[in-house]
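Colleague: Pulled these from TrEMBL:
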| type | residues | note |
| --- | --- | --- |
| DOMAIN | 201-337 | domain 'DUF6545' |
| TRANSMEM | 15-36 | transmembrane segment |
| TRANSMEM | 57-77 | transmembrane segment |
| TRANSMEM | 97-118 | transmembrane segment |
| TRANSMEM | 130-157 | transmembrane segment |
| TRANSMEM | 177-199 | transmembrane segment |
Amino acid sequence: MHLLDAVPVVDLSVLLKHLVGAVALMAMVTYVATSYGKTSEPVLPRHIAASRWMARFAPKGALIVMVLMTVFFFTVVDRKSPSTDFVTDHTGQWGAAIYLSVFYFYTIAVATASGYQWTGAFRRAETRLLRAGLLLMAVSMWMGVIYTAVRIALIWIDVAAPLSHTTDQQVVTWSAVWFQVFFLMLALGTSVPATRAVAARWRAWNALRCLYPLWRDLVTAFPGTSFAPPAPRLRELARFSLPADVRLDRWVADITDVEDKLRSYAPPELLSVAEDAAERHPDPKPAAEAYWIKAALQAAAAGRRLEVASAALPTKPIVDTRAQESWLLRVQKAYASITAAQAEQLLAEAEQEPAV
């Protein structure tokens, strides 16, 4: 703004600062309004209908505000001498009060709209962490509404009956504290989605790290199951061509595909033998699946293909990909402790058992 101070238009930097602020407010309310995306529902929920209206009106509202501020700046604001602090230097002047009121009323409108949307989103949020973030963001917006409303009241009170210097200083001090708390709550609230995203990436990356031995053994036994042959663990974990959660979904699909292929090598009684072997395991059901996989891989490596595939593994109460990942992590934990000798013994017992 120092370069603008050399322009022969007094306080031009103040006008440009407020115009940029209006654009930033428009961007903020547009972001809030469009965060719901698109929906094909014939009857829109009230919060989505409100967001659609906000998105349509935001650019027009910002343009109207910018035009009014520019007109008032050049017509009614007393700019005989440059200002050090525009608000303080123009205290009690009705022209500056009109100019600032336009900007402040637009700020109130944006803060109210954002607070309304974030309050509604807080009530509908499913996770505790997201609710906390949305609550902080909503409270910060309502604090912004109160702060700006007080600013409007004060500038017009100063026009009608100027306050004493002591009162003005107290108001400035408390306003600064309120403003800092407002920004702190907004910053904390907006950091929650980023924190959730980082936590989700870490969870997916850690799941990849843990699942790697099981995934590697399975896709190595059946080349062509995965898009590319498995690389060493560090290289696999260092790949960033795809997000970790997408790669994790692929690994889960690869493991499921190979489990189905192993049915052509697993003796019909292998699952029953595996369940018996896992009875004393702390987590018996995933352990039984791990025993079955390890023994079936041994049979596949030896080329013991069956004429008729054995029955599929028992269905599990898994409703989504996250639950499938958790199950396979439990399977991998048991799988890591099974030796080749144990797997061969299970195969021998299964082949001796009469088919039911």
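We count from 1, first residue shown onward.
Cβ atoms here come from the backbone N, Cα and C positions, even for glycine.
TrEMBL entries are annotated by machine, without manual review.
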Colleague: Helix, strand, coil residue numbers for the domain 'DUF6545' (201-337) per DSSP?
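Modeller: Across the domain 'DUF6545' (201-337), DSSP assigns the residues as follows: 86 helix, 0 strand, 51 coil.
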Colleague: Same-chain Cβ contacts of the transmembrane segment (97-118) under 8 Å, 6 or more residues past its ends?
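Modeller: Apart from its flanks, the transmembrane segment (97-118) reaches 18, 21-22, 25-26, 28-29, 32-33, 47, 50-51, 54, 61-62, 65, 68-69, 72-73, 76-77, 87, 134, 137-138, 141-142, 144-145, 148-149, 151-152, 155-156, 158-159.
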Colleague: Where does the mean pLDDT land for the domain 'DUF6545' (201-337)?
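Modeller: A mean pLDDT of 89 is what the predicted model shows over the domain 'DUF6545' (201-337).
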